[in-house]
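The structure under discussion appears below in the form of structure tokens.
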Amino acid sequence: MAEHQVNYTQNNGLPIVLSSVDKLLNWSRSNSLWGVTYGLACCAIEMMATGGSRFDLDRFGSIFRASPRQSDLMIISGTVTKKHAEFVRRLYDQMPEPKWVISMGSCANTGGMFNTYATVQGVDRIIPVDIYLPGCAPRPETLQYAIMVLQQKIRRQKALPHLKPKRLI
């Protein structure tokens, strides 16, 4: 009699069941991005326009929330001063895991034209940023595209990073 060997793992070594759960969790996380907005300057107007009926972020599953405790996405737009840095960090720390950040506009990305002692030269000096949107001010379509790119990034991530594949032999 021939013995059949059954391989219950996929290419990355995780069991098939965990890989399926991984895909399901990533799909659900990517299609329900609830963002807390932190608009500080002109880019906030474009961010508000993106949430309006003309651009309709709801069809991507993205809703703007007022509380960071209900959000998994933070969108920062405008010039961040050193006084604001503490509040940005506090809002980021209040968000539940997993969390993502979009930096919108030249001022949030690099400090923009405000190279002064009171300006933070890029929000990535305070919190980790996943996607940078260039421009002054970026169009609402750019923010929509950034959310779509973030959704693709989330789908590729490992939903359960703390699980390590076990060797059976």
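Yeah, the Cβs are placed from backbone N, Cα and C, and that goes for glycine too.
Residues or ranges marked as [4Fe-4S] cluster binding site by Swiss-Prot: C42, C43, C107, C136.
The Cβ centroid of C42, C43, C107, C136 marks the [4Fe-4S] cluster site; residues of that chain outside this set whose Cβ lies within 8 Å of it are A41, S77, G78, T79, M104, G105, S106, A108, G112, G135, A137, P138, given in sequence order.
All chains included, 27 other C-beta atoms sit within 10 angstroms of the C-beta of C43 ([4Fe-4S] cluster binding site).
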